[in-house]
């Protein structure tokens, strides 16, 4: 048994995802950290909590147990694509109102739940963003076909609540958009975004913890699709990132109010970057492997540092040093690495009524010529990481 002192740290997650790699690793790291620091620790599942207002005061019960000593810091992992403001966010607001320090805070999570909400928060801060349109309501996709034409074709079409690269399409023309409007699911609105051609099938994932860049990973598609997500078969390797890229990721994290986040950057021909997405519930199984890091351990260290008596550990304080040192040995991202693939073209084929099961057929493919930059890059990454 670990000794207990006044400081309390909780790990709050959702039953639907608690057995996934990131949650299991964070739980392991938090337990180890709390034993090392002799901190009182508890892991809690969202649906175990009962929120109360009694005699004008906020209260909390867990499986019938009245909680009298509240946590000072709560590490939160909730499935952001399905976050419900009337349930999940209500719990997080309740804990925050009781004086708990949440990482991430509920407003920060909401900033990343909807991709267009993310852009709304980032707009006006000088953050480079691809031009993006969206709409109110659920049935206005077809109406947007003409409105979004100024973005030019091909254009990117995304579900505002999509995740892991799903429900993302590259529409070649207005007719393709019209076809999509009849096939996609309309539970959430879609956004229409200017296509960054030179970053097709490639992006940079940056993980930021406590306002510091933990590491950076170049992700590359292996089959010509636009998305480079490792969950869709993409591969990744540790890479260096320019100071401009690092500062951009930190700026995005700060604007969104994030303690832990993953920022996806698209690469431009001139070596600069623009923001693609921000992830409040960032996965890191491929990131850990590619960058030889223990992201969960870094998260646990930062959580402990937020306690009243906490301080940044050596692992956290050395992050920037490690990041700088890696640039001497890892491939650099710059204008040469960002050379555009000029001969991309869109294609379509007959599809079933469910786009998520036939997404592959709707995606733009790179032509099967003798020279396919992304395929070569992906093969090199595989050789380096295997």
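Note that Cβ sites are derived from N, Cα and C of the backbone, with glycine treated the same way.
Per Swiss-Prot, ATP is bound by 158, 193, 194, 195, 196, 197, 198, 199, 200, 201, 202, 203; the candidate from 105, 172, 219 named for the same site is 219. Per Swiss-Prot, the stretch carrying the note region 'Disordered' among 294-326, 327-359 is 327-359. In three-state terms derived from DSSP, residue 158 (ATP binding site) belongs to an extended strand segment. Cα separation, residue 194 (ATP binding site) to residue 277 (Mg(2+) 1 binding site), rounded: 14 Å.
Ranking the binding-site residues 158, 219 by how many Cβ atoms sit within 10 Å of each one's Cβ puts 219 at the top. Within 10 Å of the Cβ of residue 264 (Mg(2+) 1 binding site) there are 21 other Cβ atoms, across all protein chains. DSSP assigns residue 202 (ATP binding site) to a strand in the three-state reduction. Using a 10 Å Cα-Cα cut-off around residue 264 (Mg(2+) 1 binding site), the binding-site residues 158, 196, 198, 200, 279 reduce to 279. Closest in space to residue 277 (Mg(2+) 1 binding site), of the binding-site residues given as 158, 196, 198, 200, is 158, taking the CA atom of each residue.
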